[in-house]
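Chemist: The following block contains the structure, expressed as structure tokens.
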Amino acid sequence: MSDEDREVEIESDAEKRAHHNALERKRRDHIKDSFHSLRDSVPSLQGEKVSRAQILKKAADYISFMRRKNHSHQQDIDDLKKHNAILEQQIRALEKAKSTGQFAVSSAVNAQAGAFEESESESSIDGEINHGRRKKLKTSD
């Protein structure tokens, strides 16, 4: 092997190493930027200087919290849809009664009318206030 071949091989190794180092730096910078982006996406960590482990832990906690919150909101939506269906049924029954001249509403419609009312007013008997208590849902069999 001549000195010239050895010099080209050394330059080639140095170039390979420099190229590898540049790629590795780019990869580490991308990971660092991704962690900063994740950190800034978690409300309790925005702009704080925390470790990567803390970022991952808080992000996982935040995801769990948001899943529970979404589930709760979906439950509220489902409850409101049921309530709307009952109200629409009451409207149809009242419109039918109005068109036929029968103003007496069936007991089933009356039972459903009070199904979703809240009790926040004063009691007519003794004047006491029911704080935060709700009426139990009435069901018709």
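Here the Cβ of each residue, glycine as well, is placed from N, Cα and C on the backbone.
Nobody curates TrEMBL annotations by hand; they come from automatic prediction.
Sharing the feature lines straight out of TrEMBL:
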| type | residues | note |
| --- | --- | --- |
| COILED | 70-100 | coiled coil |
| COMPBIAS | 1-12 | compositional bias 'Acidic residues' |
| COMPBIAS | 13-39 | compositional bias 'Basic and acidic residues' |
| COMPBIAS | 132-141 | compositional bias 'Basic residues' |
| DOMAIN | 15-66 | domain 'BHLH' |
| REGION | 1-48 | region 'Disordered' |
| REGION | 111-141 | region 'Disordered' |
Chemist: Could you give the residue numbers and ranges of same-chain residues that sit at least 6 residues beyond the compositional bias 'Basic and acidic residues' (13-39) on either side and whose C-beta is under 8 angstroms from one of its C-beta atoms?
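Modeler: Same-chain contacts beyond the flanks: 45-46, 48, 50, 52, 55-56, 59.
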Chemist: Mind checking how the domain 'BHLH' (15-66) divides into helix, strand and coil residues in DSSP?
Modeler: 45 helix, 0 strand, 7 coil
Chemist: Given the model, what does the mean pLDDT over the domain 'BHLH' (15-66) come out as?
Modeler: 95
